[in-house]
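K.L.:
Can you read through this structure? Questions will come right after.
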Amino acid sequence: MKFLLFCCLFGTFLATGMCIDCEHCVVWGQNCTGWKETCGENEDTCVTYQTEVIRPPLSITFTAKTCGTSDTCHLDYVEANPHTELTLRAKRACCTGDECQTLPPPVLEPQVNRPNGLQCPGCIGLTSTECNEYLVSCQGSENQCLTIILKKPDFSLSEMSFKGCASENLCLLFEKKFWRFLEASEVDVKCTPAVPQTSQ
């Protein structure tokens, strides 16, 4: 259960100062309807995203809508790979006003696993800020090594750690500090360039 919670948090890309109202929801599957909520003063767009967690032969998809910032709208596809057999990826789309009623939801294209010759240390710690690292082969657009440490969590979360390959778009999103849903927690994020795989 905690692993699924981690994946949800990972995929919640909450994405300057007029106030707008955006629909908020998170559901398993591809159709998401919820309630309207006034966004923060620095949030000027609504964001819909579809996130997929893949661990062959299983795949879990969920869709969410929330507030965001328009300076992250171009970061519309992100992916990460903390384990050789586990992939996390998300597609995002922005909208405002009536456009949100007609904009088609973002759709993830079928996953094609293509190693790109890079590697990073990878691991997931569901209840700790530390985890046992091992080398992970990066795929597709993953050219960064991402480390996320969740400290001082609120009552609904435990400490967590995540290390693995990631796309540059995901690192740029974290630079924008999009995690409004973790305001009560301390989150340390670091990205470094992935390194070429060494021959065995």
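A Cβ is built for glycine as well, from the same backbone N, Cα and C atoms used for every other residue.
These numbers come from a predicted model, not from an experiment.
When I checked Swiss-Prot for this same protein, it listed these features:
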- 1-19: signal peptide (SIGNAL)
- C22-C46: disulfide bond (DISULFID)
- C25-C32: disulfide bond (DISULFID)
- N31: N-linked glycosylation site (CARBOHYD)
- C39-C67: disulfide bond (DISULFID)
- C73-C94: disulfide bond (DISULFID)
- C95-C100: disulfide bond (DISULFID)
- C120-C145: disulfide bond (DISULFID)
- C138-C165: disulfide bond (DISULFID)
- C171-C191: disulfide bond (DISULFID)
K.L.:
Using Cβ-Cβ distances, find the residues under 8 Å from C145 (disulfide bond) that belong to the same chain and are at least 6 apart in sequence, listing them in sequence order.
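P.N.:
Counting only residues 6 or more apart in sequence, the Cβ neighbours of C145 (disulfide bond) under 8 Å are C120, P121, K163, G164, C165, A166, C191, T192, P193, A194, V195.
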K.L.:
Using Cα coordinates, what distance in whole Å links C39 (disulfide bond) and C171 (disulfide bond)?
P.N.:
23
K.L.:
Given C95 (disulfide bond) and C22 (disulfide bond), what distance in Å do their CA atoms have, once rounded to a whole number?
P.N.:
9
K.L.:
Report the nearest neighbour of C171 (disulfide bond) in space among the recorded positions C25, N31, C46, C73, C100, comparing Cα positions.
P.N.:
C73
K.L.:
Can you check which residue among the disulfide-bonded residues C25, C67, C95, C138 has the largest number of Cβ atoms within 10 Å of its own?
P.N.:
C138
K.L.:
Report the nearest neighbour of C67 (disulfide bond) in space among the recorded positions C22, N31, C100, comparing Cα positions.
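P.N.:
Closest by Cα: C22.
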K.L.:
Listing them in sequence order, which of the recorded positions N31, C73, C100, C138 have their Cα within 10 Å of that of C22 (disulfide bond)?
P.N.:
C100
K.L.:
What subset of the recorded positions C25, N31, C46, C73, C94, C138 lies within 10 angstroms of C100 (disulfide bond), using C-alpha positions?
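P.N.:
Among C25, N31, C46, C73, C94, C138, the ones whose Cα sits within 10 Å of that of C100 (disulfide bond) are C46, C94.
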K.L.:
I need the nearest neighbour of C32 (disulfide bond) among the disulfide-bonded residues C46, C73, C138, using C-alpha distances.
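P.N.:
It is C46, whose Cα lies nearest.
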K.L.:
Does DSSP put C94 (disulfide bond) in a helix, in a strand, or in coil?
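P.N.:
Assignment for C94 (disulfide bond) reads strand.
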